[in-house]
Amino acid sequence: MDPFRPSFRGQSPIHPSQCQAVRMPGCWPQASKPLDPALGRGAPAGRGHVFGKPEEPSTQRGPAQRESVGLVSMFRGLGIETVSKTPLKREMLPSGRGILGRGLSANLVRKDREELSPTFWDPKVLAAGDSKMAETSVGWSRTLGRGSSDASLLPLGRAAGGISREVDKPPCTFSTPSRGPPQLSSPPALPQSPLHSPDRPLVLTVEHKEKELIVKQGSKGTPQSLGLNLVKIQCHNEAVYQYHVTFSPNVECKSMRFGMLKDHQAVTGNVTAFDGSILYLPVKLQQVLELKSQRKTDSAEISIKIQMTKILEPCSDLCIPFYNVVFRRVMKLLDMKLVGRNFYDPTSAMVLQQHRLQIWPGYAASIRRTDGGLFLLADVSHKVIRNDCVLDVMHAIYQQNKEHFQDECTKLLVGNIVITRYNNRTYRIDDVDWNKTPKDSFTMSDGKEITFLEYYSKNYGITVKEEDQPLLIHRPSERQDNHGMLLKGEILLLPELSFMTGIPEKMKKDFRAMKDLAQQINLSPKQHHSALECLLQRIAKNEAATNELMRWGLRLQKDVHKIEGRVLPMERINLKNTSFITSQELNWVKEVTRDPSILTIPMHFWALFYPKRAMDQARELVNMLEKIAGPIGMRMSPPAWVELKDDRIETYVRTIQSTLGAEGKIQMVVCIIMGPRDDLYGAIKKLCCVQSPVPSQVVNVRTIGQPTRLRSVAQKILLQINCKLGGELWGVDIPLKQLMVIGMDVYHDPSRGMRSVVGFVASINLTLTKWYSRVVFQMPHQEIVDSLKLCLVGSLKKFYEVNHCLPEKIVVYRDGVSDGQLKTVANYEIPQLQKCFEAFENYQPKMVVFVVQKKISTNLYLAAPQNFVTPTPGTVVDHTITSCEWVDFYLLAHHVRQGCGIPTHYVCVLNTANLSPDHMQRLTFKLCHMYWNWPGTIRVPAPCKYAHKLAFLSGHILHHEPAIQLCENLFFL
């Protein structure tokens, strides 16, 4: 064998599980995870996606599973597949995220309920998208018109359910809720009507919702004209009509139902949305219509009764799902390729030859209903694809480490996302099968044996060059086919035909390479707007695409929508002896390094640990710290110099332990390490945060090795040290008295079975400059109400110790909740938190709870005279694009230096303090000034960011709860 080519044969170091069935990457159309619409998140990129590919049956199938009828199956028309990873039974519990991690989704249906009717879910529960209750993403891995040449018939399916940015991996098991009172993360059963029967006549209803008046607009600030990446949609149809279809005698097979209904397109028209029982049409038929069809299997005559049951407004929530399916078809007509859940144009790929990368431009698009009506949300998306196939990566690994080649390959490849360009699908690599090669064969659905070499040659015209390469394994979740059969098995991929996606780790550390990439991906507002204009022009010039929209009476505006927003007043920053109004750039680094902080802690007893070869950098750092300590009002003594003979982990840990044992008054441990060492950093933090609690600061020698930057770096280090010792840097004016602000965020630890780590940070003084922090570890499905009680009660007790009173108002900022979980948070999880107040006699504070959503697609442009530019920091929008269900607003608090202005979405789910919209917006903006790791505004309120840093440190580095001795200091900065 060629010595420069890896020996692919042999036993895998991580032996793959032996499955009975094997699937080819082009065999079965890969549907995405069945998403609970309440989940509001997109699926991971690592699964097969298909766009119009024919189905190839599996080598093995399980028993047929009974499917439910409803919105979940509405893509299944005329042989269109809408399979899912689990049997479509009502009692199966989709995974979701509660306020504190992994719980049950809001789309929970209990077993003690009567069987549900085949109709849409409550529109209030059809929550989707990044911020709107009626949004459904159209870039999803469902097929359009597969198996049917008639593109006018519009089946609907799970893709109609809402998605947002990303889906968390569901836990490995599901639990059925008890009949007892609801607990944390356990939402109510959905209201559904009983299944229709011939003895129960259908009643025609006309949908007309009176919009409840919700005061959500503020008035403070300067008006400003803004552009949005939303396009107004005009509905020309008067209504959408819902019909109930009954087959007599009953026809169990859905595909037969679709076929029989298709035979009567002369009556129903060629624009339909049918799920096997419920039919939606843009035209009005008779109240009751009787049709006849002949079953082809036995020539039996079947009577089809179509009865009108509901007249919907064209902007109804129930219409949003199949409007999105319509727009997916429009994108297909523009020759856009569906990859993952977005559409891309490979023909316009930008090639970075020096970095061996391709960038595919594309769009993420979804239709949603907001306070301003029906909109198309379109965002520019880019797919980064490497020119290196997996086989090239394997060869490179072989050259570097021949002895442990298979180990290194498995370690590097497993978990990565690859794309197969012959069908534009993405897969996650779950394992490597070192015992199979393309010369091996598999069984087709018709029973024929075929080798992988023959399969690719016959189906794609591809000649495989490397015949001895191993095969990559992708294990999709179990799902059903079109006939309810359970699909199992593995998808085997050829490394030669699989291309790596994403940015290589080595490239992420290359400043020049990342700069080149950012120039292509980070578009200015003008470029972003031009890309959206291009999409609208392509749709307008494509007659087929325009006609597809007009079939349902939809027409797009010619340009993005423009509204009026406001710029909130600039805030006053308070230091110890001075205060000042921030500039438009919202940066006050000069002031905080020139004037004393509010509270500084003298640093008299501290130790500096450094390897011998970093002695010069250590002395320069200490000299600079002594120079800059005076201006910020901090007193410091020389450190205890501890020189290390080497930079091994054991040396650092053993030396720090012995020093802490000998010197009992050490306030701060400062360690200088040689380069970015994650293992060493983690060992130091575990020692100083868990085993021997003491504030610690780890400094990379590279950051202090440049004399020109040493002063600015030392200033940041000293400010961080002051925070970790309990100091207070700056504050803002807080008009609300006796206020406690809480930040909560969740980190999911993939290395520990996706257990949730909750970061909890609360203010414990009246000026919001002193913080109390706790961490809660939660396993999947584990109740943590008791743990939360410890956090909240502990923070209230600490507040009382500091102020000699309890807070009158508590404002909670909760990060990481999707739209689909908002009702669960409001109805179940907040009451659980309020029960904590019972620990104090006669104590019922006013409470305000905000859900903070960062992963949104909404972009803001400032409408300048010539073109769009980046909006001013402090820009707020509280109308038109806001939710129909909640009091919410969008706030761009930070200064955007590159790219577009992506605001943060704030949804108020509780307001017993009766704060006005102006108070909510101003308080939120003030808190965005309070993150002491950056002398400027950040994208989210400071307690949210603190909670995120705490949860990440505890879940990713420590894997353990920090010592209680550190809970009153910001040790996690």
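Each residue, glycine too, has its Cβ placed from N, Cα and C.
Under the heading region 'Disordered', Swiss-Prot lists 28-65, 162-199. Swiss-Prot lists 34-48 with the feature compositional bias 'Low complexity'. Among the features that Swiss-Prot reports, symmetric dimethylarginine is placed at Arg47, Arg76, Arg97, Arg102, Arg146, Arg158, Arg165, Arg551, with the record citing similarity to another entry. Here Swiss-Prot flags Arg76, Arg97, Arg102 as omega-N-methylarginine. Annotation comment: Swiss-Prot describes 389-502 as domain 'PAZ'. The domain 'Piwi' feature in Swiss-Prot is assigned to 668-959. Under the heading active site, Swiss-Prot lists Asp745, Glu783, Asp815, His948, citing similarity to another entry as support.
For the domain 'PAZ' (389-502), the model's pLDDT averages out at 82. In this structure the C-alpha atoms belonging to His948 (active site) and Asp745 (active site) are separated by 5 Å. Taken residue by residue, the domain 'PAZ' (389-502) breaks down under DSSP into 32 helix, 35 strand, 47 coil. Across the active-site residues listed here (Asp745, Asp815), the residue whose Cβ sits among the most other Cβ atoms within 10 Å is Asp745. Cα to Cα, Asp815 (active site) and Asp745 (active site) are separated by 5 Å. Ranking the recorded positions Arg551, His948 by other CB atoms within 10 A of the CB puts Arg551 at the bottom.
According to DSSP, Arg551 (symmetric dimethylarginine) is assigned to coil rather than to any helix or strand. The two recorded residues Arg551 (symmetric dimethylarginine) and Asp745 (active site) have their Cα atoms spaced 45 Å from each other.
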